[in-house]
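Q: The active site, charge relay system annotation in Swiss-Prot covers K56, S131. As annotated by Swiss-Prot, active site, acyl-ester intermediate applies to S155.
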Amino acid sequence: MVTLEEALKFSKEEIINLKKELNQKAKEQKHLGAYVEQFLDKDLSESGDGVPVAIKDNISVKDWELTCASKILQGYVAPYDASVITNLRKNNLSPFGRCNMDEFAMGSTSATSFYGKTLNPHDNTKVPGGSSGGSAAAVASGLAIASLGSDTGGSVRQPAAFCGCVGFKPSYGRVSRYGLAAYSSSLDQIGVLTQNVKDAAILYDVIAGYDEKDSTSANIAFEPTAPKLNANKKLKIAVIKNYIDQTNDDVKQALLKTIDMLKANGYEIVYKDLMDSTFDVAAYYIIAAAEASANLSRYDGVRYGRRSEKCDNLSQMYINSRSEGFGEEVKRRILLGTFVLSSGYYDAYYIKAQKARRFIKQKYEEILNDCDLIFMPVAPSVAFGFNDVKTPIQMYLEDVFTISVNLAGLGGISVPVGKNENGLNISAQLICKAYDEQTLLDGALSLEEIIKNK
């Protein structure tokens, strides 16, 4: 499959031929569910002249439907481009294809979509991860050369790990959220899914930087990372031992072998522990659900999106539009968020979760003040079956090693390091200080090359 770096050197005619090839592949592999239905019927001329990049269905593209894979937004057409889309168009790239996702980015399986589930391209009985499962499946199966997703608690890194591609979440505020449908405003971050680390750096350089349209955008200097990539830096890496011990045997053995290879290649490895990751899960789901309950209050059937026809008055219209439009997982998180923000429980849950968040960030900072990067798992296991997770709590625990990175606002990247005996991918996660993406990408490139040359 052609890489993003190679495609950026294509002529206009070669780009057109590439788009035709990708469109044909998407139709042939429609069963994967990587793309939502309406994309397959679009005219190729609607995508622009640039190199094609697939876009998750919660990022605004002017004149394209924006549905967040939800029934409640069926028929809604975005009136403007997200800032990341504007940046793509300015750099000889163009949006090409709407990627499937968990409804409103709430999930770890890409099975809660209104359009139906996305399948793992390496084993169709397994989940591709979520919520950016469509983005990961598209890149991993050759239906896209690169893709944009969003990461609120691991939604770029975990599906990248399950599908075997690179998933990179920049530090909070490094990439504009203007035009991203909000789930949890203090945690959401647009990220990239690519075939390799160099492509991730190239695409990141295009979309990163300060944006005055986004009040949470970080107004700090940004320098492109791709031209300065250096795989030869011998970095000091902190391995989170207690997290590696919590993974299953396949993942644990692959990560331990990777650590040995890093040592053999001159990296200084130190071992650290972080607090019990189940505390991260509790804090994350309280904060994320609270913010989601506020953000999703705008979907009321009045201003945009789907309106219920079964109503005799305004109150009934609100209730029926939301009851009919939202899926089960979204309703569950709205109810949880409303509960923890209610007057009797705000101090008991929400305030305590915010204190835990500050503590988590402090612990990461203590380690990163002494080390260049952190090395830890992306997920406790390889991709699992669609029916293996029986309860919402089990699903929430699949994000156990990724959500703390969002709580701390740090950058993280998922890099493939091996496969199990069934051919399912295993990835390692590297984490950097806030806004030190250059070091993160240098380390990831080095890790990628070590794995290729083993």
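Residue 1 is the first one shown; counting continues down the chain.
Here the Cβ of each residue, glycine as well, is placed from N, Cα and C on the backbone.
Because the structure is a prediction, the values reported are computed rather than measured.
Could you give the neighbours, burial and distances for every feature on this list?
A: K56 (active site, charge relay system) carries a strand DSSP state (E or B).
S131 (active site, charge relay system) falls within neither a helix nor a strand when secondary structure is assigned with DSSP, and so counts as coil.
Neighbours of S155 (active site, acyl-ester intermediate), defined as other CB atoms within 10 A of its CB across all chains, total 38. DSSP classifies S155 (active site, acyl-ester intermediate) as coil under the three-state reduction.
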Q: Looking only at Cβ atoms, how many others are within 10 Å of the one on S131 (active site, charge relay system)?
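A: Other Cβ atoms found within 10 Å: 35.
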Q: Sorry to bug you, but what's the C-alpha spacing from S131 (active site, charge relay system) to K56 (active site, charge relay system), rounded to the closest Å?
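A: On Cα coordinates alone, these residues lie 10 Å apart.
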Q: How far is it from S155 (active site, acyl-ester intermediate) to S131 (active site, charge relay system), counting Cα to Cα, in Å?
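A: Pair distance, Cα basis, whole Å: 5 Å.
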Q: Within 10 angstroms of the C-beta of K56 (active site, charge relay system), what count of other C-beta atoms is obtained when all protein chains are considered?
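A: That number is 31.
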